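Engineer: Not my notes, these are from TrEMBL:
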- Arg48, Gly49, Ala50, Arg92, Gln196, Asn247, Lys248: substrate binding site (BINDING)
- Cys157: site 'Transition state stabilizer' (SITE)
- Asp237: active site, proton donor (ACT_SITE)
Amino acid sequence: MHPDQPSLRWDGEAIVTLDQRALPHERRLLRLTTVDDVIAAITTLAVRGAPSIGLAGALGVVLSAYAHCSPGTGDTGWEAVRADARRLASARPTAVNLAWAVDRVLTKLTDGPDAVLAEATVMIDEDRSVNRQMVDHAVRAVLDRCPQRSLRILTHCNTGRLATAAVGTALGTILALAEAGKVTEVLVDETRPLLQGARLTAWELAEADVPHRVCVDSAAAAAMSQGLVDCVLVGADRITARGDVANKIGTYALAIAAAHHGIPFIVVAPESSWDRSLADGRDIVIEERDADEVTSYGGIRTTPLGTRAYNPAFDVTPASLISAIVSEHGVHSPSEVTA
Ligand code: MRU
């Protein structure tokens, strides 16, 4: 898949996407033809990142609509699609974008499969323009808070084109800043346990020729104390009405360290990542993943047999630790976000 092509698209009959599990070693394309394929791709993180799983979920409903609805099937077909939609929406619980996107295409179900596909296509196009607007606002938010000529930016997980239909959120912002000659170096947390930073963000930065180094997650606070970080930029999976942010596990620790060192901590995420039905971040459902991700590495067990693991995929950063949350609508400082 070429850098200018979206990492997820509809080829007329199926979803075509880059298999993120194979990166950076192999550029393997996946062709998803059934709802079960889509659910497997989402749960195994072949497709990952909040906006991308939303779009995959929406296209999963398209597959279901073509499979179950032909003229005359009416209620029975619609019920089958709604059941598939419920399975798709619950494939991963934390990113609100998934349920949001599935619900949005479902509103077109009674108009037929072509209408469901048309809505999913609009959403992919929208994600592109939302990325652009968000990045413009975020670049301004960073430069307002970090007026120095050239920046050292720390980021976590992967929030680039692999996680969206276009340039990305936080990583899209970093690429735009780099293009404007404003980036000295990006420090990339490896992002244990699945290494989205080391495997995917480093891959995107190398592709764009942006200077970067990867560090273990636990080196981030030390890097801040040594003056190696001017700003932290991350994405989000769900943002509550008061601005608490769920994002990849480790984000909360970064925010605490950044606050301690007086370093701006900026979240870049689309409006579709907001869940205003929740006030408090403690109400966000956090996905717990398999112990194997922590108790072994590259298929080799690293812990004694029988050792159990605590493996939350996300954590919640309270609004009080966040300098700014940027969406396509502009820059909010958490104190302006109303509950
Ligand atoms: O488990 P993942 O890799 O899907 O987690 C992704 C993240 O936490 C991202 O930061 C978030 O989805 C924003 S992607 C633009």
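Positions of Cβ are set from backbone N, Cα and C atoms, glycine also.
Given the structure is predicted, the values throughout are model-derived calculations rather than measurements.
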Engineer: Counting all other Cβ atoms within 10 Å across every protein chain shown, which of the binding-site residues Arg48, Arg92, Lys248 scores highest?
Structural biologist: Lys248
Engineer: Among all the protein chains here, how many other CB atoms are within 10 A of the CB of Cys157 (site 'Transition state stabilizer')?
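Structural biologist: 29, counting other Cβ atoms within 10 Å of Cys157 (site 'Transition state stabilizer').
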Engineer: Taking the mean position of the Cβ atoms of Arg48, Gly49, Ala50, Arg92, Gln196, Asn247, Lys248 as the substrate site, which residues outside that list, in the same chain, have a Cβ no more than 8 Å away, listed in sequence order?
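Structural biologist: Output for this site, in sequence order: Ile53, Ala95, Cys157, Asn158, Thr159, Ala163, Gly235, Asp237, Ala313, Phe314.
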Engineer: Using DSSP reduced to three states, classify Asn247 (substrate binding site) as helix, strand or coil.
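Structural biologist: Once the DSSP labels are grouped into three classes, Asn247 (substrate binding site) ends up as strand.
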Engineer: List the residues of the same chain that sit at least 6 positions away from Asn247 (substrate binding site) in sequence and have their Cβ under 8 Å from its Cβ, in sequence order, or write 'none'.
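Structural biologist: Same-chain residues close to Asn247 (substrate binding site) (Cβ under 8 Å, separated by 6 or more) are His156, Cys157, Val234, Gly235, Ala236, Asp237, Val267, Phe314, Asp315, Thr317.
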Engineer: Would you mind sorting out which binding-site residues among Ala50, Arg92, Gln196 put a C-beta under 6 angstroms from ligand 1?
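Structural biologist: The qualifying binding-site residues are Ala50, Gln196.
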Engineer: Would you mind listing, in sequence order, the residues at least six apart from Ala50 (substrate binding site) in the same chain with a Cβ closer than 8 Å to its Cβ?
Structural biologist: Ala95, Val96, Asn97, Leu98, Ala163, Gly235, Ala236, Asp237, Arg238, Ala269, Ser273
Engineer: What is the Cβ neighbour count of Gln196 (substrate binding site) at a 10 Å cut-off, with all protein chains included?
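Structural biologist: Around Gln196 (substrate binding site), other Cβ atoms within 10 Å: 27.
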Engineer: Give the helix, strand or coil assignment DSSP yields for Gly49 (substrate binding site).
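Structural biologist: SS state of Gly49 (substrate binding site) = coil.
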Engineer: Long-range same-chain neighbours of Gly49 (substrate binding site), Cβ under 8 Å, sequence gap at least 6?
Structural biologist: Asn158, Thr159, Leu162, Ala163, Thr164, Gly235
Engineer: Helix, strand or coil for Gln196 (substrate binding site)? Use DSSP.
Structural biologist: helix
